[in-house]
Amino acid sequence: MEEANQSVVSEFIILGLCDSWDLQAFFLVIFSSLYLITVLSNIFIVVLIITDLHLHSPMYFLLANLSFIDFCLSSVTTPKMITDFLKENKTISFGGCMCQIFFGHFFGVAEMVLLVSMAYDRYLAICKPLHYSSIMDRHVCIGLVMTSWIIGFLHSVSQLVLIVKLPFCGPRELDSFFCDIPLVIKLACKDTSILEILINADSGVLATICFILLLISYSHILFTVCHSTDGASKAFSTWTAHITVVVLFFGPCIFIYLWLVSITWVDKFLAVFYAVITPLLNPAIYTLRNKEIKNAMKRLQC
């Protein structure tokens, strides 16, 4: 009985994005370039916000943390995917697989909660400007960031506890480029149908709740902007940048965990978009649409 409860599989085989060596060589160049740009751009935003005194405000404090999380999130799976393009036999150890799951959910949920905090910050700044400075002080900002990390950690631990003790003794092929719970749990040597529902509900419901909170906040902001004349253009520009990031981040996440029909190529596309593209788009969107960030970049050049 004790032996049956042990994980016999010591590593998983990763099938990757495709079988063609030509395509893999193409993806190697593309994803290596994207990852390098993602790392440099997110680190640049963090350093810029820290060093420029004009950006020492709650909004940019939260933005710096978002960029740091994006850097971490992209680094969970992308380096492994890039190195696997060079290998004929792509494998990942059981421990490495569990680490990808843990940190993927950790940083992913931390970013979800942080986006809600950023929406709350914009809600106060636009809808309640007279009370903004008294509410969003340094302690509140630090508390919001710490809350995002704590919720991310607790969620990730709860997910890992449910799967780490599962028996893996049979098939070990993952039709993807990284380890994620919906894929790994199907390889367990027992019926996991109820566990799949619990895990998907956990992640899906959390993402949906955060998404609904964001929609409520940004709806209030949009209503206020539409009935305001002072600074309406600047507020609307900020609103569109934030809502674009929210849609790009939550769209693939909710689809992966709540969509009942699994289509392999769609799942792979969404996984690539979520892990590689979104962490790159966030700094691009905030940099290109944010006047203060662009002014800080000009001051840095001088």
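From the backbone N, Cα and C atoms, a Cβ is placed for every residue, glycine too.
Any TrEMBL annotation is an automated prediction that lacks curation.
The following features are taken from TrEMBL:
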DOMAIN    41-286  domain 'G-protein coupled receptors family 1 profile'
TRANSMEM  25-50  transmembrane segment
TRANSMEM  62-82  transmembrane segment
TRANSMEM  102-120  transmembrane segment
TRANSMEM  140-164  transmembrane segment
TRANSMEM  205-227  transmembrane segment
TRANSMEM  239-263  transmembrane segment
TRANSMEM  269-288  transmembrane segment
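Highest Cβ pair count under 8 Å relative to the transmembrane segment (140-164), across stretches 25-50, 62-82, 102-120, 269-288: 102-120. Here the listed stretches are 62-82, 102-120, 269-288, and the one with the most C-beta pairs under 8 angstroms to the transmembrane segment (25-50) is 62-82.
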